[in-house]
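As given in Swiss-Prot:
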type	residues	note
BINDING	Leu7, Ala8, Gly9, Gly10, Gly81, Thr82, Asp83, Arg84, Asn85, Glu86, Thr87	CTP binding site
SITE	Arg14	site 'Transition state stabilizer'
SITE	Lys22	site 'Transition state stabilizer'
SITE	Arg160	site 'Positions ribitol 5-phosphate for the nucleophilic attack'
SITE	Lys217	site 'Positions ribitol 5-phosphate for the nucleophilic attack'
Amino acid sequence: MIYAGILAGGIGSRMGNVPLPKQFLDIDNKPILIHTIEKFILVSEFNEIIIATPAQWISHTQDILKKYNITDQRVKVVAGGTDRNETIMNIIDHIRNVNGINNNDVIVTHDAVRPFLTQRIIKENIEVAAKYGAVDTVIEAIDTIVMSKDKQNIHSIPVRNEMYQGQTPQSFNIKLLQDSYRALSSEQKEILSDACKIIVESGHAVKLVRGELYNIKVTTPYDLKVANAIIQGDIADD
């Protein structure tokens, strides 16, 4: 089976003084989360579309689903965890409790605050994860990347044409991700905040799918302005 895991567990501290977590803020008079869910509903391959949100915001999430007529029975809401990976594991726990987990099951995980992903990106994630077990969505780095260990001096400059910027979705064979996560120590779980990094550390290859420049993550007031400009300018592909 194929599952979507929409990660809406953040509280949006970088957004500044706002009344709601960032995933519930509006762009073009509609919550960011709803824009994102609508993209996933269009994909018939998904057996379930699972939204993980802070426990105290579950009721609000359910309310906005009703308000914006999200009636697709595949859409479920569960409580997120204390960090990104724990949130993903909570989604997987839901899957295991409801349907069990089979060897070929795939989960497509995606930031709730990336509302501009395309159908191509989603479907390529499904195809590549089903074939290879793990995939990340990336774009080529445009700017030169510099590394600094002390935040004051450059310690190295990687070769730019080998650098990519990670986006989401990140998609996995569920058993591969679950087994890789369970093998981590408590210390590793605190350090390895990215699911693809966990897979890489386990020794398994992670394939790449091409993202889009406009597949932005809305985390700051500036991002919110850019997101509204993208919608009003009809920049993003469907």
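Heads up, the Cβ atoms here are built off N, Cα and C, so glycines get one too.
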Between the Cα atoms of Asn85 (CTP binding site) and Lys22 (site 'Transition state stabilizer'), what distance do you get, rounded to the nearest Å?
19
Counting other Cβ atoms within 10 Å of each residue's Cβ, which of the binding-site residues Gly9, Gly81 comes out lowest?
Gly81
At 10 angstroms around each C-beta, which of the recorded sites Lys22, Arg160, Lys217 has the fewest other C-beta atoms nearby?
Arg160
Should Asn85 (CTP binding site) be counted as helix, strand, or coil on the basis of DSSP?
helix
Between the binding-site residues Asn85, Thr87, where is the Cβ count within 10 Å the lowest?
Asn85
When a 10 Å sphere is centred on the Cβ of Asp83 (CTP binding site), how many other Cβ atoms does it contain?
14
Compute the C-alpha separation of Asp83 (CTP binding site) from Lys217 (site 'Positions ribitol 5-phosphate for the nucleophilic attack'), stating it in Å without decimals.
17
Can you tell me whether DSSP puts Lys217 (site 'Positions ribitol 5-phosphate for the nucleophilic attack') in helix, strand or coil?
coil
Report the residues of the chain - excluding Leu7, Ala8, Gly9, Gly10, Gly81, Thr82, Asp83, Arg84, Asn85, Glu86, Thr87 - with C-beta within 8 Å of the mean position of the site's C-beta atoms, for the recorded CTP site, in sequence order.
Ala52, Gly80, Ile88, Asn90
Sequence gap of 6 or more, C-beta under 8 Å: which same-chain residues meet both conditions with respect to Leu7 (CTP binding site)?
Ala52, Gly80, Arg84, Thr87, Ile88, Thr109, His110, Asp111, Ala112, Thr168
By Cα-Cα distance, the member of recorded positions Gly9, Lys22, Gly81, Lys217 nearest Arg160 (site 'Positions ribitol 5-phosphate for the nucleophilic attack'):
Lys217
Coarse DSSP state, helix versus strand versus coil, of Gly9 (CTP binding site):
coil
